[in-house]
Amino acid sequence: MRLIPLANASDVGKWSAHYIVSKINAFNPTAEHPFILGLPTGSTPLATYKELIALHKAGKVSFKYVVTFNMDEYVGITENHPQSYHHFMHQNFLDHIDIPKENINLLNGNASDVETECQRYEDKIKSYGQIHLFMGGVGNDGHIAFNEPASSLTSRTRIKTLTVETRTANSRFFDNDINQVPKYALTVGVGTLMDAEEIMILATGLNKAQAIQAAIEGNVNHMWTISCLQMHPKSIIVCDEPATMELKVKTVKYFHQLEADIIGEFASKK
């Protein structure tokens with residue numbers, strides 16, 4: 001596992017965006033051989049999406065031959081609802097780049113048969129072989145996508161009941177009214193995520209510090225979903241300084257030294 005400890009949330013957004021662009025460009029995708037990118041929603045990746053849009057407009061990257069799969073979607077709200085993840089993705093990213101509509105994949109939270117919808121999504125991912133890079137965020141309790149604490153570490157795309165903690169955290173998007181937050185969501189599973197060639201998790205803020213400590217210094221534990229990254233051959237956590245506050249000083253120092261060249265190169269370009 002790699003940890004890229006940066007100064008602030010803005011740096012996390014810029015570094016992760018440039019990393020994605022470097023991966024896409026190195027892959028040199030074509031219509032027959034597209035780059036498969038997994039994407040999250042939430043407040044943490046907004047800075048990444050903003051930088052990706054800027055890099056696209058500057059001619060640094062094209063998404064014409066990129067296929068995206070989003071992590072999750074609420075059950076029971078329409079796609080055009082202002083808090084649906086369909087709406088979020090189009091408003092904050094997809095409508096501002098050159099990705100073809102047919103290359104965009106999001107779960108349908110209003111499907112009449114959610115089990116069939118989840119299997120369709122799994123099958124669609126498998127039809128491309130694997131996701132090359134899956135970017136995600138992490139919840140205060142260590143959840144990735146909507147894989148809440150105690151989720152099976154081999155789980156596949158499915159419907160999940162959202163915890164009170166998650167619904168409370170997300171209520172800020174629903175007029176601070178938890179009763180407006182859906183109780184269920186469709187989500188890729190931990191096993192689905194682990195099938196990706198590479199996983200990059202973004203974490204910003206002191207409220208994510210305990211989850212980052214569990215991911216890096218703790219044991220693999222289904223109560224901390226993020227700890228599954230320890231079992232992945234190519235996982236990376238990109239975080240700001242506040243998110244490292246629960247880590248041992250020597251742990252942070254170790255990763256600063258390990259990634260010194262990369263962090264230094266980034267700082268020189270700011």
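Numbers here mean position along the shown chain, with the first residue as 1.
Any Cβ shown, glycine's included, is placed from N, Cα and C.
These features come from Swiss-Prot:
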ACT_SITE  Asp72  active site, proton acceptor
ACT_SITE  Asp141  active site, for ring-opening step
ACT_SITE  His143  active site, proton acceptor
ACT_SITE  Glu148  active site, for ring-opening step
SITE      Ser151  site 'Part of the allosteric site'
SITE      Arg158  site 'Part of the allosteric site'
SITE      Lys160  site 'Part of the allosteric site'
SITE      Thr161  site 'Part of the allosteric site'
SITE      Tyr254  site 'Part of the allosteric site'
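Features as recorded by Swiss-Prot, highlighted on the structure.
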| residue | record | contacts (Cβ under 8 Å, 6+ apart) |
| --- | --- | --- |
| Asp72 | active site, proton acceptor | Thr41, Tyr85, Leu107, Ala145, Phe146, Ala185, Leu186, Thr187, Val188 |
| Asp141 | active site, for ring-opening step | Glu148, Pro149, Thr163, Glu165, Thr166, Ala211, Trp224 |
| His143 | active site, proton acceptor | Pro149, Ser151, Thr166, Thr225, Ile226 |
| Arg158 | site 'Part of the allosteric site' | Glu115, Cys118, Leu186, Thr187, Gly189 |
| Lys160 | site 'Part of the allosteric site' | Phe146, Asn147, Glu148, Ser151, Tyr184, Ala185, Leu186, Thr187 |
| Thr161 | site 'Part of the allosteric site' | Glu148, Lys183, Tyr184 |
| Tyr254 | site 'Part of the allosteric site' | none |
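Annotation note: Glu148 (active site, for ring-opening step) sits in a coil segment as assigned by DSSP. Reduced to three states, the DSSP call for Arg158 (site 'Part of the allosteric site') is strand. In the three-state DSSP assignment, the secondary structure recorded for Asp72 (active site, proton acceptor) is strand.
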